[in-house]
Each structure stands twice: as C-alpha cells, then as structure tokens.
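*Asks:* If you look up TrEMBL, you'll see 310-323 marked as compositional bias 'Acidic residues'. Taken from TrEMBL, the feature domain 'Palmitoyltransferase DHHC' applies to 128-254. The region 'Disordered' annotation in TrEMBL covers 302-337. The transmembrane segment annotation in TrEMBL covers 45-67, 73-92, 171-194, 214-235.
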Amino acid sequence: MMLIPNHHFRDIERKPEYLQPEKCAPPPYPGPAGTMWFIRDGCGIACAIVTWFLVLYAEFVVLFVMLIPSRDYVYSIINGILFNLLAFLALASHCRAMLTDPGAVPKGNATKEFIESLQLKPGQVVYKCPKCCSIKPDRAHHCSVCKRCIRKMDHHCPWVNNCVGENNQKYFVLFTMYIALISLHALIMVGFHFLHCFEEDWTKCSYFSPPTTVILLILLCFEGLLFLIFTSVMFGTQVHSICTDETGIERLKRKQQPRERRGTWKAVTETFGGSFSPNWFNPLSGPCQPALRDEGWVRQLVSSDNMESTTEEQSEDQVEEQSEERKDEDSAEMTDN
C-alpha cells in the first residue's frame, strides 16, 4: 500500500469564515508545571466514585467474609496480600488515568501573533479547531466533555472521568488489566468459599449470619463477573488499538485512509515508556520522555509537514471535501458505557 503524507488527510481549513485567528482570545497564561488535571463533569465524578466504592466493597467482602474468618492462615495471608496488591495497583492506575493530562492541545493558541511567530514557509498551512481556537495536530479530536482537543484521542471514559489519549493510555490499560485480575481472583475465592461452607457449618465459615454471608458473596460474584467481562473486553480493545496504531475513534469512523503507521513494537514501547521492564506494569512510573508543551509540538508538527510537502498533491475539491468530513468527525466523541 502506497504511503501518503498525513497532512493530506487533515482538514486544511482555508476558508476565511472558518479559520480566523484574529478572533481568538489570547492563550491563557500556562499554569505551573505539574498542575493537576481534573475534569469537572458530574457524571464522570459519580462514575469514578462508584468505581472506588465497588473496589472497596470487594475488599470488605474478601477480607471480612472470606479471609479473616478462615482457619487456614497460609491461605488467608497469601490471598490477602495478592488481592490487596492488585487492588492498590488498580486504584493507583485509576487515579493516574483520571488525573493525568491525556494530551490536551494548548487552548486558544491559534492567534495571529502566534501563527506569525511560527514563520511558516509559503504553501504551509496550520489546522485549527474552531471550538477551542487551538492549532490542532494530526489525529487529534475535540472532546465536548473535556472541552479540549486531545492528541491521539481514543475515547472519553466516564469511569475514569477523563479522555484516554496520548499521555494516559498506559494508565487506562493498566486499570482495566488490574480490575480484570482482581475480579477473577475474587470469583475464584468465592467459589472456594462456597465449597468450604457447604462442607462445614455455615455458622463457622463467616462472622456474619448465613443469609447475610450468602447475599454478600452473591453480590460480589455478580460484580466480579460483570467487571471481569467488561474490563477484559476493554483491555483487549486497547491492546489491539496500540498494536495496530489505530485509535477507537479512527476505527469507529472507518476512515480507511492510507497513512504511515508505526510498527507494533515501537507503538507499544512508546505507550508504556521505553523498552520492556517492570515499569510497564507500574502505574506510578511516568513516560520515558516528557510531553512537548505549547509551541514545542506545534513547531515539530510544522517541521514534519514541511518535510512531507514534496510528495503528491490533491485537488482543491478533494481537500475541501475531506475538511467537511473532518469537521463532522470532530463533532462526535466516543465513550465507553
């Protein structure tokens, strides 16, 4: 398949009524480095609270219904340590996915002064999101919940109250993986506990009454099965997206436009932060390279487009048609329900 430069497939917004940098407000003063990212969305905050509640509920049932009352101390200690470690990693991954900037494009930087400072060569163009008045790189999409354009946006996930994008996809993958693992672990322990209680007296296998014990275990079993299926599917989808270098939005829109894709191993190492190491599974470790800020990635983008500008050209009608398709695409965002 012939590779065609990315910039031919981006919306070249040449219409004066669409790209008007002089109408953009000056970009806001950037906050201090390390400022916490948090989306003030009521639905997302509620979903995040429910996520923590369900994990803590599973923690309560595992410890106080199954492990602490058990007479097999070795079994209780080993499973208690394993379950609590997985739960800690899951919640840590959730926090990092929720509080990490997913790759937001600097807002309001499509000003006349800033564009002039880029010193564009004749024939070069910039691409702008009219909703947040930002210069937009390739594969970025506007999220109406975050109210920002997100680089390499996969989807907006209410369960982590954030978009899944270039900077936090690793944490989201780890979150789905660890939730799937603790769900599987809880289901296995519930199965063993039911077998033990059927063989023994129900009053001796739990500190709670038999009806209460059964209700708590059934609820945990239902929760574990539901989240095992859901997070396993999400984990597989995310891994597939990383390996194929195709985001969820790109796959949903079925934009089978030829473009140069990164190799599978390169895409995986860039997402998880370098060559294979235990840090791949550590939600407390950050990316191997700091993300470009403000005009850094803009200049890199312009330089990349300039190097590719000597290849095939398209007609003006084709460019405008793709521009209209891109506008329609950016008007919708993908969420996992």
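A Cβ is built for glycine as well, from the same backbone N, Cα and C atoms used for every other residue.
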*Asks:* Between 0 and 100, where does the mean pLDDT of the domain 'Palmitoyltransferase DHHC' (128-254) sit?
*Replies:* 89
*Asks:* Could you break down the residues of the domain 'Palmitoyltransferase DHHC' (128-254) into DSSP helix, strand and coil, giving a count for each?
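*Replies:* Final tally across the stretch: 75 helix, 16 strand, 36 coil.
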